[in-house]
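Report on one structure; see the data block that follows.
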Amino acid sequence: MELILALAIGVLCGSGVWLILRPRSYQVIVGLCLLAYGVNLFIFAMGRLYIGAAPIMPKGGFVDPTAYADPLPQSLVLTAIVISFATTALFLVVMIAARGVAGTDHVDGRERKP
Amino acid sequence: MMNEGIAPNHLMIAPILVPLVAGAIMLFYNDRNRQTKLVMGLVAVGLTFLASVELMAGVKSAGEQAGTVVGLYRLGDWPVPIGIVLVLDRLSAMMVMLTALLAAPSLIYAAAGWHGKGQHYHSMFQFLLAGVNGAFLTGDLFNLFVFFEVMLAASYGLMLHGSGPERIKAGLHYIAVNLAASLFFLIGVALVYGTTGTLNMADIGRALHWLDDAERMLFHAAAAFLGLAFLIKAAAWPLCFWLPPTYGAASPPAAAIMAIMTKVGIYVILRLSLLVLGPDAGPSAGFGAPALMIGGVLTMGFGMIGILGTPELTRKGGYLAIISSGTVLAAVGFAQAGGGPGMLGGALYYMIGSTAAISAFFLIAEPVSRGDGGNDDAPAEDVADPLSERWAPMGLDTVEDMTAPASTRTVSWLTMAMCFALVAAMIAGLPPMPGFIGKFAILQGAVQDNLHASGALPVILWIYAAMLILSGLGALIALMRFGIRRFWAEEGPTPRILALEVIPVVLLLAMIALQTVRADVLLNYTRATAVALLEPGIYRNAVLAGAQDVRAAPAQNSAPDPTAADDADQIEEGGE
């Protein structure tokens, strides 16, 4: 599981960075999304990986720490997902506006002449 | 709990809640009621200012250690390392007050017509203030991220306020850069949590001592990621490429309040590098200090070249912000490497003055360059002519009262010239302006503390001192050249300047003048702040008073069993 998770994070972040460095705003936004997914998985992984353990305390008391997943990274991921989703949506609006103003989806608003 | 006895100081949350609530209430009113919203905004800023005065009075106390009382506010009243807290010390009190002081002129300026050029200006403004104040007051890293995002989301809106191709183009870059920076921030936060198991800033410093070598390396990676994110926000070279076009394209009142946003980045670097990686951090002491020193000096150099190179006045303002950032960042680096409190105190004093001056500069830049159709590719949209505003692409052509100012009184061109000259003198650091006093205090502190310690000044300090003087000279040359051309050599009719556009600048200049007159009081305050910052124990003890260390002690450290039992108790206590 560790290997799969690490590979997933690496692939998502790598593709995200590559796409961010592209000159088309559509690619940039997809890159930012992929990067955000990679980072969210990374936060999740930083809370250590548990199999079959719930992040919820049973009624009536404290549980054995080995059977208890760390809830904090999950809440952090949740917050991060909400925030990155909202800001990406905002970026999309600006991107559409820029496309309307410039008539091109080049990030600088104009194509470089070959 | 030891700090149970202290009555919670509910005033501490006021600088966050007041703007947040004010901004939310404004949303219920039709956006045409701009005058009402303006008054509400000013009242909210006034209340925040009063709260900050009261808070600042609270943190100053002569009897305590280094004259500092650290206030703690437990949101939700959970015990400290588990719950989230607001922390107030001299630095955050000072920054909250500075925010309120810069917000009022910016709001007044918006009344000259800018708040009518788009929707929900006043709400976004208040949300920005809530985010900035929250970032200054929060005591843990993840809430810092949340407040940063609140601030940034509002700033995206403010940056795009008024629309137009220039702003949309600059905004696209600005948002993309900041989204990427926020992701770096998250990676850093995750690594910090993964290595230290806590996100409370004070607790991180304590946890640092337990780390083994592998974990410490990961923690350093975390610090580097966080540093990268904040240096992008603080606009250090080479991460500052986004700033001049963004601030140059933003509407003047938005740019004026965004002058505080680069200082938020600096504030966090200042806070974390001195609290967590300060001189007492063991093997991690001084991590990143050389990067801050060299980066800061290079930033100053880049800003100086930029201000001399660009013809456009609003862009010059962006480079001025970069110079100011570089000056303070380098000073933080020196302080972190053991440069002593004198220099840092001077840098904090300089930061207050230069932020006010940059804010004034952005407000003055647009009226001064109005109608300046000469050599530069000045803002594409002509402000006086609403027809040239392009609303259609955003679907915002419903905006009604484009440029109706709250008052139509005008002032003479000469008043404008005087204000420009005073702001330029302040930015260039001419005596008796605070820019001069601040730079002098930095140099004096550097020389005194370092000669005391080692008897010789390090080379990098000489370079920094030279850059401090040269950057002032560069700003002076650039602004004088512009001023002479604009105010003396220009022929033809002078543009119409509204009194509402000059009053905020006069207010900021009054602030700067007050800073000169009461320089001793303010310098004493910033020096005491620097002393307190360089003794992270004060902050840490105040935040963690009565809090058990919930981490398992490493094997080589004989872990006392009672502590472990206490820990379990405490977690249970918190869980109920």
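Including glycine, each Cβ sits where the backbone N, Cα and C put it.
Features of the protein shown, as given by TrEMBL:
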TRANSMEM  B:38-59  transmembrane segment
TRANSMEM  B:71-88  transmembrane segment
TRANSMEM  B:95-115  transmembrane segment
TRANSMEM  B:135-159  transmembrane segment
DOMAIN    B:139-354  domain 'NADH:quinone oxidoreductase/Mrp antiporter transmembrane'
TRANSMEM  B:171-193  transmembrane segment
TRANSMEM  B:218-243  transmembrane segment
TRANSMEM  B:255-277  transmembrane segment
TRANSMEM  B:289-310  transmembrane segment
TRANSMEM  B:317-335  transmembrane segment
TRANSMEM  B:347-365  transmembrane segment
TRANSMEM  B:411-430  transmembrane segment
TRANSMEM  B:496-514  transmembrane segment
REGION    B:552-576  region 'Disordered'
COMPBIAS  B:564-576  compositional bias 'Acidic residues'
| remark: Given the transmembrane segment (B:347-365), its same-chain partners at Cβ distance under 8 Å and 6+ residues beyond its ends are 91, 94, 98, 101-102, 105-106, 109, 247, 252-253, 255-257, 259-260, 263, 266, 313-314, 316-317, 320-321, 324, 327-328, 331-332, 335, 416, 419-420, 423, 426-427, 433-435, 437-439, 441-442, 501, 504-505, 508-509, 511-512, 515, 519, 522-523, 526, 529-530
| task | Determine which residues of the chain contact the transmembrane segment (B:411-430) at the Cβ level, with the cut-off under 8 Å and only residues 6 or more beyond its ends counted. | result | 320, 353-354, 357-358, 360-361, 364, 367-368, 436, 438-439, 472-473, 475-476, 479-480, 483, 486-487, 494-495, 497-499, 502, 505-506, 509, 512
| Range from B:71-88, B:95-115, B:218-243, B:496-514 with most C-beta pairs under 8 A to the transmembrane segment (B:135-159) | B:71-88
| task | Take the transmembrane segment (B:95-115) and find every residue of the same chain, 6 or more past its ends, with a Cβ under 8 Å from one of its Cβ atoms. | result | 15, 34-35, 37-38, 41-42, 45-46, 48-49, 51-53, 55-56, 121-122, 125, 129, 132-133, 136-137, 161-162, 251-254, 256-257, 259-260, 263, 267, 352, 355-356, 359-360, 363, 402-407, 498, 500-501, 503-505, 507-508, 511
